[in-house]
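Visitor: One structure, as structure tokens, below. Some questions next.
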Amino acid sequence: MKRDTIEAAINALKQGDMIIVVDDEGRENEGDLVAITEWMHDDTLNFMARYGRGLICAPITEDIAKQAGLENMVKRNNDPHETAFTYSIDHVQSTTGISAIERTQTARALIDDEMTADTFYQPGHLFPLIAKSNGVLERRGHTEATIDLALLTGARPAGVICEIMNDDGSMAKGEQLEAFKMEHNLKMITIDDLVVYIKKHRQLISAEAKITLPTRFGTFDMYGFTSKIDQQEHLALVKGDFSTTMNVRVHSACATGDIFHSERCDCGAQLEAAMTYIQQHGGMILYLPQEGRGIGLVNKLKAYELIEKGHDTVSANEALGFEPDLREYDVAAQILKHFGVTSVRLLSNNPEKIHGLTRYGIQIEERIPLVTESNEHNHDYMQVKKHQMGHLI
């Protein structure tokens with residue numbers, strides 16, 4: 001599927017045009033027409049009704065919903081996608097409320113500073129949706145994508161969306177969306193690309209503390225950060241002065257290996273090797289809360305139970321319902337940029353870390369292998385990392 005850049009989509013929206021936003025394959029895997037209320041043309045909703053054919057909804061923030069006196073449609077939302085419908089509405093000056101002109105009037109009233117609950121009838125023919133406060137970083141839905149896009153255009157946080165359906169009433173996907181895009185000359189983006197764009201351009205971490213940390217490997221400066229999205233805590237262990245290019249190890253926390261010296265993995269040995277190298281050559285270790293490649297400590301122990309019954313480290317994660325590796329490196333990139341580091345000599349055997357950092361704007365000048373010895377307890381694990389996960393061991 002040919003995608004446009006987020007910048008191109010923002011420009012189109014600011015000109016009043018609609019765009020197509022496609023969500024993840026593992027979610028609805030559908031395309032919605034998206035317009036920003038403040039910029040949209042007068043004929044936007046008519047186009048959506050005629051060509052999109054889906055339900056026309058109006059993503060808004062919780063603040064707008066409160067101003068409009070809108071409550072959730074249901075008290076217990078058991079929709080697997082947690083779509084946050086409110087009561088449907090019509091503008092009080094509507095007649096039937098269903099015409100494209102009247103639904104446009106209703107949508108635009110939602111961003112009127114003087115709007116109140118008395119501005120609308122309930123129920124009506126426009127369906128507001130309340131977005132999560134952290135946008136697509138909290139929920140990867142079209143509702144949140146619309147609000148994030150509105151903010152990126154400098155508009156008030158509200159929009160109008162409509163699912164795209166085929167002539168036979170089925171949902172348009174893949175090549176069908178591509179054909180729709182070409183026929184109507186629309187920009188098309190994915191929510192995944194929007195997530196990456198926001199993580200690259202929005203400040204998502206907060207520097208909290210700095211201490212001097214004496215260790216048996218030598219003395220380091222330790223910095224503490226918290227995520228503004230999920231309040232997770234992250235550490236940076238630094239030796240020497242900062243420069244635009246530094247030796248860097250991105251290390252995922254491993255309680256069993258780093259603290260209890262488990263021999264089932266090579267994590268503890270890699271951390272010690274990295275601390276030795278950074279102490280001698282200068283650089284930074286980023287210590288991230290990504291236990292069990294992102295599944296968490298207890299789930300990692302459950303994976304170990306499955307490994308003891310014959311699974312390997314990949315199939316165990318999958319048997320628990322997880323991808324083999326859930327880690328993202330956006331926070332690592334943000335911490336590096338906080339210190340003015342834009343390129344690194346990366347201490348790693350994992351090509352995915354190279355891709356992950358590059359994705360968020362960090363250049364990899366060199367990969368420095370991190371060599372540790374295997375043992376009888378982690379030999380099979382190391383072979384899986386090499387042959388199934390592509391690690392350069």
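Just so you know, glycine gets a Cβ as well, placed from its N, Cα and C.
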Visitor: The GTP site in TrEMBL includes Arg249, Val250, His251, Ser252, Ala253, Glu291, Gly292, Arg293, Thr313, Ser348, Lys353. Which of Gln231, Gln270, Gln383 is also listed there?
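Guide: Given Arg249, Val250, His251, Ser252, Ala253, Glu291, Gly292, Arg293, Thr313, Ser348, Lys353 bind GTP in TrEMBL, the matching entry from Gln231, Gln270, Gln383 is Gln270.
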Visitor: If you measure from the C-alpha of Glu291 (GTP binding site), which of the recorded positions Asp32, His125, His142, Cys254, Cys265, Arg327 fall inside 10 Å?
Guide: Cys254, Arg327
Visitor: Taking only the recorded positions Glu163, Cys267, Asp325, Arg327, which one has a CA atom nearest to the CA atom of Arg249 (GTP binding site)?
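Guide: When the Cα distances are compared, Cys267 comes out closest.
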Visitor: Closest of the binding-site residues to Arg327 (active site, nucleophile), Cα to Cα, picking from Asp32, His251, Cys254, Cys265?
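Guide: Considering only the listed binding-site residues, the nearest one is His251.
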Visitor: If we count other C-beta atoms within 10 Å, could you say which of the binding-site residues Arg249, Arg293 has the fewest?
Guide: Arg293
Visitor: To which of the binding-site residues Asp32, Glu163 does the lowest count of other Cβ atoms within 10 Å belong?
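Guide: Comparing Cβ neighbours within 10 Å for the binding-site residues Asp32, Glu163, Glu163 has the fewest.
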Visitor: Tell me, what is the mean pLDDT of the domain 'GTP cyclohydrolase II' (209-369)?
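Guide: The predicted confidence over the domain 'GTP cyclohydrolase II' (209-369), as a mean pLDDT, is 97.
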Visitor: Given the recorded positions Arg140, His142, His251, Arg327, which one's Cβ is surrounded by the fewest other Cβ atoms within 10 Å?
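Guide: Among the recorded positions Arg140, His142, His251, Arg327, the sparsest Cβ neighbourhood within 10 Å belongs to Arg327.
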